[in-house]
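Before any comments, here is the structure.
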């Protein structure tokens, strides 16, 4: 029997049709939708008089555009309202389950699907959103797709996909105090570069990954796309099964036992071939923070901003110089000396209950600076409810934060939560691109 990687096992088990050029049509187990990338796909279905092939394997929520201050689809502007109205109409017409803003479970799609047990090991999962790689934390092959592909999956429950190369990143060592999963993946991206994963599906492994919680694993896989990888994967283990047990959409009874038998096979074979293998020791790692305008422009909190004049690559030198200009920063200075205007705790990367607990622990009995506007946006209604039951909302409010409703919020500038021109934010989100959180906004 040929040894296979985890990626190869999932890919091969979902092939509906194999073409002679090495590409394949894959069956899709779960299709996630939101209000921004789906309207045109539904319009195309209507124009071609097609139905949704598997509405029971399709799920929708509102997250990108929603207001986090009031439950009202008109609160984020006319375009946002139109997109949300279209999602309601489309889901009703095609019989697709929807968590709208009035549903107590509404929230970020990449938070909801795992916490409800929709995301399961061995699945193929797609969504019209680049951070779909989050679901790879469960040993699922998950990736973002474009609007035309959204239409294709709606119509056929399949998708044409080429076979990507395999990369293994083994993270080893001992986690230093105050270092989080976000620090670890930012460090990896900083060491390898924001294009290092191009053409690959990355499997993360090693003792550090093995000992991570599911929510920490989701943070790591969420950021795989920031290395330009197609997807990120972590093999399921006992912690995965424990997380999924008794979730609403998880298998139950005899089906649970059968599922467990299958899930336990979902790991790379001992002699499986990887096109690239990298080992990263994080034993001496300090908390990380980005200084530039892409995630690989990152340093330890106690380091100085690099001197771009010392960078050998002309491309990287120009990029660093441009980033410093946009960010209003100078080489050889410390970010700890730079004042911020806003703080955002939230996003598909870091808006789960463990993230909020960690932040609340730091903020307890402390006050933020008076000039700083800070918001906490839970990733879902369930996360919000749990946090309030634990009193975390009171800790945040007492420290000076605003406690908001679930949504993507400042992870992207598609709603009213954004940076004004020239404002600087410390953000829990996944991207620090120019204008990502608002035109002229500066994100760390």
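Heads up, the Cβ atoms here are built off N, Cα and C, so glycines get one too.
Per Swiss-Prot, the features are:
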| type | residues | note |
| --- | --- | --- |
| BINDING | 348, 408, 411 | [4Fe-4S] cluster binding site |
| REGION | 423-444 | region 'Disordered' |
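Apart from 348, 408, 411, the residues listed for [4Fe-4S] cluster, the same chain places the Cβ atoms of 63, 64, 108, 110, 131, 346, 347, 349, 351, 407, 409, 412, 429, 430 within 8 Å of the centroid of those Cβ atoms. Residue 408 ([4Fe-4S] cluster binding site) is surrounded by 31 other CB atoms, counting those within 10 A of its CB over all protein chains shown. Sequence-distant neighbours of residue 411 ([4Fe-4S] cluster binding site): residues of the same chain at least 6 apart with a C-beta under 8 Å from its C-beta are 344, 346, 347, 348, 349, 427, 429, 430, 431, 437. When the region 'Disordered' (423-444) is classified with DSSP, helix, strand and coil residues number 0 helix, 6 strand, 16 coil.
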